[in-house]
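> Here's a structure for you.
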Amino acid sequence: MAKERRRAVLELLQRPGNARCADCGAPDPDWASYTLGVFICLSCSGIHRNIPQVSKVKSVRLDAWEEAQVEFMASHGNDAARARFESKVPSFYYRPTPSDCQLLREQWIRAKYERQEFIYPEKQEPYSAGYREGFLWKRGRDNGQFLSRKFVLTEREGALKYFNRNDAKEPKAVMKIEHLNATFQPAKIGHPHGLQVTYLKDNSTRNIFIYHEDGKEIVDWFNALRAARFHYLQVAFPGAGDADLVPKLSRNYLKEGYMEKTGPKQTEGFRKRWFTMDDRRLMYFKDPLDAFARGEVFIGSKESGYTVLHGFPPSTQGHHWPHGITIVTPDRKFLFACETESDQREWVAAFQKAVDRPMLPQEYAVEAHFKHKP
């Protein structure tokens, strides 16, 4: 009997919607919540275990199943749960993928099943109201210390602002929603709730690093920023549908890591730098947590004269790392050295993705304004 029940549960995985994790979309889920009636992956099952008042989990393959539990799974399933628990997810709300950090997945799961934010829209006020203020820990630009700072997000002004003192009349910085991006970077920032916010200042990218001790708070900030971007883009591109706008709300970096670089004459020694590939901007920093990039390189499309090559030009000297990459732009060549072959492969793939993609009209404007820094 036990074997038959387990086989019955396994057969339910073949039903439409059940072949991927109900929460992050990972293929071939091996776990199930027998109180919610959903099939989930191993990673998400760990989060479900932390909300036992809502969800109780079992291994599809290894645990014993009772008849009533099998029947419950059969009468529910991922599609039914989605129809109930995700019926009112705002278009701008970030839905995590298998590669996202633990925090995003945990808050998505808690929002769905524990707080039921997508059944009762009034619970979405913290990120849907168009205005948000509160205190966040912000990393100091020069000393690297995290200090509590007041942040204000106002859609009416199209800006995120922060203040150095509680009683300050003027903000220390005003970040325009138009050019703002936010991406979770727990490992780099050294905090599980670490968020990196970038914006353009004088056409150069400025980084700020923030976190909040409460996971819900920082994810609410993240989704409030996405909501502000969504509403800004709806006005800027009135003909565009949600499907066109949602991918533009926030970007994860295509690739980050250390490479060596040399200057424009290619006679100087190579220096180790931290590189971030953000859409078509390749930025390099002395330290991963620097506020400003030392330089930025725009990577356009092959139609505009950009090429990526494996290796160095002949007679290149001064690099400590053996695996070379050459980026050819209409102005000059940029040389980079990677420590490992797999690093080189990943960087070339990231660059190639940008080069193979035709440029949008607004990207030509960015290219024209771009400062090619040595």
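Numbers run from 1 along the shown chain.
Just so it is clear, glycine is given a Cβ too, placed from its N, Cα and C backbone atoms.
Copying in the features that Swiss-Prot gives for the protein in this structure:
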DOMAIN    7-126  domain 'Arf-GAP'
DOMAIN    129-230  domain 'PH 1'
MOD_RES   SER87  phosphoserine
MOD_RES   LYS272  N6-acetyllysine
MOD_RES   THR276  phosphothreonine
ZN_FING   21-44  zinc finger
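Help me understand the surroundings of these features in the structure.
The domain 'PH 1' (129-230): residue composition by secondary structure is 23 helix, 46 strand, 33 coil, according to DSSP.
In the three-state DSSP reading, SER87 (phosphoserine) counts as coil. The Cβ of SER87 (phosphoserine) lies under 8 Å from the Cβ of PHE118, ILE119, each of which sits 6+ residues away along the same chain.
In the three-state DSSP classification, LYS272 (N6-acetyllysine) falls within a strand. The number of other Cβ atoms within 10 Å of the Cβ belonging to LYS272 (N6-acetyllysine), over all protein chains shown, comes to 14.
Counting every protein chain shown, 22 other Cβ atoms lie within 10 Å of the Cβ of THR276 (phosphothreonine).
Counting residues 6+ beyond its ends, the zinc finger (21-44) has Cβ neighbours under 8 Å at 9, 12-13, 54-61, 65, 69, 72-73, 75-78, 80-82, 85, 96-98, 100, 102, 105, 108-109, 112-113 in the same chain.
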